[in-house]
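Here is the structure we will look at, set down as structure tokens.
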């Protein structure tokens, strides 16, 4: 097989698949802004906007790289030995996008641990450390890549470090998302425990895909270091970071008024009391829907369990 099969071929496959997933992400962004922003503050909306812009920029860079290889340099079979500038820069954009998603999930876990009264937040700290470290390594990779620009010299130590840190970070997130619903079970009623079980399944599905793809990209790169065979998996991995964040945010409506809101809404006032109890005051007026009131929060009774009071993080006390 020629160098085209190992370099331009994987690039084409990766762009086609990742662009299809970009369409899915665009739909999720549309759903978020049209349906799921009612309870969100400006910071969270700006975060979603930034993620969407980075996702779009990544697709634009990939498209430019494919155009440069297949159209601008058509017939030049030596060009596939060089990495065009857009293919190098996309690595940095992808790392920024991955870091944004990982820090989002790390902060989410931090809020959950704070709500449960835990003083030591080792997992969120590890997540932030690995994520920022891989971003720093990605910057070094791009600086060196612009200078070298050869696919036959792929900066093996730096690429391995970036992919390895991504794997570690994603595994920490997956472990945390599997573990914290078990902690909620210890402080909730039977119905809350049932909700925690469903959350555990949903969280596993949400971030397990990026974790598996990160591991796969690492393995394929180590098996084929001197070509771009791993690149389709990496492109899809970047797309799933956006997908996981938006899927999580858009799923909140399904759990609105439940303990799930205390974990995913990162813009809720942290001074609001968090309690999961067996009592709630229900105010019902003629012609008005029954409402459940707790502190500064009010929910329609139809949207919540009237036997349970809900709020958002911050006061589970030991």
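Glycine is no exception: its Cβ is also placed from the backbone N, Cα and C atoms.
Here is what TrEMBL records for this protein:
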type: TRANSMEM; residues: 6-25; note: transmembrane segment
type: TRANSMEM; residues: 46-67; note: transmembrane segment
type: TRANSMEM; residues: 87-109; note: transmembrane segment
type: TRANSMEM; residues: 121-143; note: transmembrane segment
type: TRANSMEM; residues: 163-180; note: transmembrane segment
type: DOMAIN; residues: 167-254; note: domain 'DUF6534'
type: TRANSMEM; residues: 201-223; note: transmembrane segment
type: TRANSMEM; residues: 229-249; note: transmembrane segment
Contact call for the transmembrane segment (229-249) and the transmembrane segment (121-143): at least 3 Cβ pairs under 8 Å, seq gap 6+: no
Spatial neighbours of the transmembrane segment (163-180) far in sequence, C-beta under 8 Å, 6+ residues away: 98, 102, 105-106, 109, 112-113, 116, 123-124, 126-127, 130-131, 133-134, 137, 200, 203-204, 206-208, 210-211, 214-215, 217-218, 221, 234, 237, 263
Mean of pLDDT values spanning the domain 'DUF6534' (167-254): 80
